[in-house]
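Asker: Attaching a single structure in structure tokens format; questions to follow.
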């Protein structure tokens, strides 16, 4: 609640109109000038202390935002100071000289302080020292003005006023100026909603003790009737304040302590009482400035230290967060990344790199040899001189070096490796990309291209040969008819190949139109067509179709799906006359979907290929020996199943063979969104003989 009120007050001060600010500064200036005039010695017409110099500087510094506002502030200062000096006994010429000297030194101080400290703030020791340097220079100029005024007034020794003016005005401008700048910055921060760190009970008790000790020390030291040289005993209190208080409070402590010192000295008490009145007062004022500067320098140093520590913590937190983000991103990368120092010691390794190379050791070079053999694509063993890490540590970058990692388990990993030296010889960065799938895809694609070329060239060769025979006019009619049959078979083979390619490319993208399908009727038709196809020579095979559950699917794509599955079962079945193909359906009790099963007792699928048989262009090694194909049939099946919101799986069955299971909608509500349902055209059901 107190903080809220303070923020409200601070906000009100920062929102004051310029006229009100001018009025406040004018009132404070008059009060400060009166305080200064009350410290005048009987033997001198000039004041011992002149706080008006600091107030005038603060007023002009605030007004220096624009030249017009600055001119108003300086113009208002002249009559105010002259009037106070006249009212307190100074003759008119000297009153004007004091006011003019104050205005001149203020203008000089504001000009140079703005250029030496563009922020016009006192946040560091350097800022405070620059302010003190500016105060000495500006007050020297002001002192020359007062020397001229004393000379015009007929004074016997005009230059005798130079040092007193310089001391009291420089001390006032530096001390009150620094304190005022810090106070203004604190008010602005409060107005923005910034809160100072909370003060603990222990810290409040310490502050109270500091005030009590300071009062006791100053009263004992400067309130004594004897001139004991013990002024130095007050220095620890100022050191305490500088080390423990914020800069503004430390300066306020020093300023109040200095006021006590000056008052005791003016009263003829303390260590400086035996000096001449003017000399003792100026020595006291110089001592006050030294203690003030001690507190200010210590407090500003501690404040700067706190800011540096806070910035360090913030930078550490940001660096930690950045490192965590980097590790998260690199850790989730599909590429492997490792960083090694110049001594080959592992600095960083992400999960992908560890998965392929194994966990890092003290010397990452050993990782390349631990659980596998590293070879080049041509089979040659990778020598240490050609190791990408070794080359990078020697300053040589490597791009896209292909390496093969043969694990003891039999797994073969193909890697593309980039390695580069880090700047400044700090080590090397190695990036590994697993290209095993790409290599396999390229191999399968090459095999597919070879099969397609063969399957297209063979019918074309048949075309050429039999067409050449048909050109013979003496060819018997029976042979002519046989040639035509062979040409038709070659055409059918080419048509089937092209149809497979088109179906594969369109199975996922084409718009579906679903209908209720009798699985048994479709399968019977496929079996009848394949077994009755002219020119085919299939081994004896038994078919068993038990499909009571319907499916809801695109009729044309479902026909293609079952043709591929039944055709595969026939192609890769037993060739000794004991082959069997079983097609059945069931309903998944958890989802209500229809599952279509196609099982054979043929050669089965190698265990390593069970997860890959549905990939494009992939063919199992054992299948290559028994039948030709493009490697697209099962990929087409997968696309068709997925386009209906389902899936396809395969497993080897005990005793030999494989069973494919396809999940498809069993009721219309299970169709994917946007797939319309239409009435299916009934076709006659054909049974195997």
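Note: Cβ is positioned from N, Cα and C throughout, glycine not excepted.
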Asker: For which of the residue intervals 209-230, 319-340 does TrEMBL record transmembrane segment?
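Answerer: Matching range for transmembrane segment: 209-230.
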Asker: Under a criterion of three or more Cβ pairs within a distance under 8 Å and sequence separation of at least 6, are the transmembrane segment (281-302) and the transmembrane segment (20-38) in contact?
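Answerer: Per Cβ check, the transmembrane segment (281-302) does not touch the transmembrane segment (20-38).
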Asker: Sequence gap of 6 or more, Cβ distance under 8 Å, 3 or more pairs: do the transmembrane segment (171-189) and the transmembrane segment (69-87) meet that?
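Answerer: No, the stretches stay apart by this measure.
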Asker: By Cβ distance under 8 Å, which residues at least 6 away from the ends of the transmembrane segment (133-151) in the same chain are close to it?
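Answerer: Residues packing against the transmembrane segment (133-151) from afar: 53, 93-94, 96-98, 100-102, 104-106, 108-109, 112-113, 116, 158-163, 165-166, 169-170, 173-174, 177.
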Asker: Run the contact check on the transmembrane segment (93-113) against the transmembrane segment (69-87): 3 or more C-beta pairs under 8 Å, excluding pairs closer than 6 in sequence.
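Answerer: By the criterion, they touch.
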